[in-house]
Amino acid sequence: FVANRMAHELGHNLGIDNDRDSCSCGANSCIMSATVSNEPSSRFSDCSLNQYSSDLINYYGCLLNEPLRTDIVSPPFCGNYYPEVGEDCDCGPPANCQNPCCDAATCKLTTGSQCAEGLCCDQCKFIKARQICRKGRGDNPDDRCTGQSGDCPRNS
């Protein structure tokens, strides 16, 4: 019951309104129901999911942006799965790394590799310039590879 109420209040913090009578989640009660039920739900309704998705796209699209390496304030640590300043790549500890483009012990690219990951990286090589790496939404144009990086830049 406590977890259900916490999920409900978190929903409000994320900008989700209480469900209307027409909302459905495939259960007797949904997380964002305006009334408390004896049978707490673990599901958000179609209305809640639509509202959250719409708000995320229309108002909080920046949350979908990948952080820059320079945004991280802790010292770089090779083996944490996140490429930080000074690392070319980071595929985790050597025992777990499954990326042939990345040397897990050094967090540097393997010999002959141009990239280790990203929408513009294919088999350790940069995808040629002008290839679409992310379709545009709304008025935003398609994002295209530069041919100089494995990352897909935002062409907004």
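Placement of Cβ uses the backbone N, Cα and C atoms for every residue, glycine included.
Lifted from Swiss-Prot, the feature list:
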type: DOMAIN; residues: 1-67; note: domain 'Peptidase M12B'
type: ACT_SITE; residues: Glu9; note: active site
type: COMPBIAS; residues: 136-145; note: compositional bias 'Basic and acidic residues'
type: REGION; residues: 136-156; note: region 'Disordered'
type: COMPBIAS; residues: 146-156; note: compositional bias 'Polar residues'
Query raised in the report: Counting only residues 6+ away from its ends, which parts of the chain sit with a Cβ under 8 Å from the region 'Disordered' (136-156)?
Result: 57, 65, 114-121, 126-130
Report task. Sort the residues of the domain 'Peptidase M12B' (1-67) into helix, strand and coil with DSSP and give the three counts. Result -> 29 helix, 0 strand, 38 coil
Query - Model confidence over the domain 'Peptidase M12B' (1-67) (mean pLDDT, whole number) - result: 88
Requested in this report: Work out, from DSSP, the number of helix, strand and coil residues along the compositional bias 'Polar residues' (146-156).
Outcome: 0 helix, 0 strand, 11 coil
**Report entry** Cβ packing number for the residue listed as 'active site', 10 Å threshold
**Finding:** 10
